[in-house]
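Read through the structure below, which is laid out as structure tokens, and then see the notes.
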Amino acid sequence: MSGNTFGALFTVTTFGESHGPAIGCVVDGCPPGMSLTEADIQPFLDKRKPGQSKYTTQRREEDKVQILSGVFDGKTTGAPIALLIQNTDQRSRDYEDIKNLFRPGHADFTYHYKYGHRDYRGGGRSSARETAARVAAGAIARLYLKRYLNLDIIGYLQQMGDLKLQFENENEIDKNPFFCPNNKQIQELADYVDRLRRQGDSVGARVKILARGVPTGLGDPVFDKLDATLAYAMMSINAVKGVEIGAGFNAVEQLGSHHRDQMTAKGFLSNHAGGILGGIATGQPIEVSIALKPTSSITTPGQTINTEGEEVTVVTKGRHDPCVGIRAVPIAEAMMALVLMDHYLRHKAQCK
């Protein structure tokens, strides 16, 4: 199985399965001399880890990270940084009933026909459990970008199902389990998720990610445009079905006289481009939105086939998120950081 590495200079290779003994990653290309401890990485993993509220999966993983290499006396050496996260709360028995079935909307069917042999426990390699390793790697990138460039990344839930959230205060985002920027809508979100659980169903979401303090000039033309890399990175996240940069699909209805970001001696008058022109950062905030599908792991019975091609009914057991968009926030932040870190190193390598 290939396709487990992301990046050009700052690279991340993840490994492990949902119900295996551990997951982890190897981060290569981190500059030497940066202070780094497990305690620096842990807060980012804590933001993503499961079982923190009744509104997400009840699988309870501590997600304690171990640094195995690449750090000596509290500083990066420039060598590959190996990170390990133990899996401690697997419940593989929940998946015994579906080991010979293909769950609708999951990768079971495609993994089976591509590889001929799959780990059915929690989706194996296709599980979003893999994203914990991305968040750990992204933490290293975020720490570097903040310390050396004063670059900030912030993500939040923008919409759950048909419930649109009004942005009021970014200081509220990390104070609630929904990463919602409006404390007046928290109860509405809680009631929504409770209703979904009772119905045995799920719902999709929209998440927005901002990067502020991005140096002008990051990104490359043509195939390695910054927005192209961001779209590639975001689409690699489980359940993501759409990506918008700046105005995104709203640009379809806009006139050129409105959409163009006019400039003055003091800067841009708008940011419909989302901080990127010609694939290169303008210095304005980079704005990315992602659409996530509703998880197919629900208790509502559905039609499918088994490995023999016979039609059967399936009910998905296990512990799952009613809305995967909630915990996608720190994952999307991590992918933004990995892209910007990689492009920063690429920019330094070829430009003054």
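Glycine too: its Cβ is placed from the backbone N, Cα and C atoms.
Feature list (source: Swiss-Prot):
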| type | residues | note |
| --- | --- | --- |
| BINDING | Arg48 | NADP(+) binding site |
| BINDING | Arg125, Ser126, Ser127, Asn238, Ala239, Gly278, Lys293, Pro294, Thr295, Ser296, Ser297, Arg319 | FMN binding site |
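All features noted in Swiss-Prot, drawn onto the structure.
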residue: Arg48; record: NADP(+) binding site; Cβ within 10 Å: 25
residue: Arg125; record: FMN binding site; Cβ within 10 Å: 20
residue: Ser127; record: FMN binding site; Cβ within 10 Å: 20
residue: Ala239; record: FMN binding site; Cβ within 10 Å: 21
residue: Lys293; record: FMN binding site; Cβ within 10 Å: 17
residue: Thr295; record: FMN binding site; Cβ within 10 Å: 23
residue: Ser297; record: FMN binding site; Cβ within 10 Å: 21
Inter-residue C-alpha distance, Thr295 (FMN binding site) and Arg48 (NADP(+) binding site) (nearest angstrom): 17
Rounded inter-Cα distance in Å - the residue listed as 'NADP(+) binding site', Ser127 (FMN binding site): 14
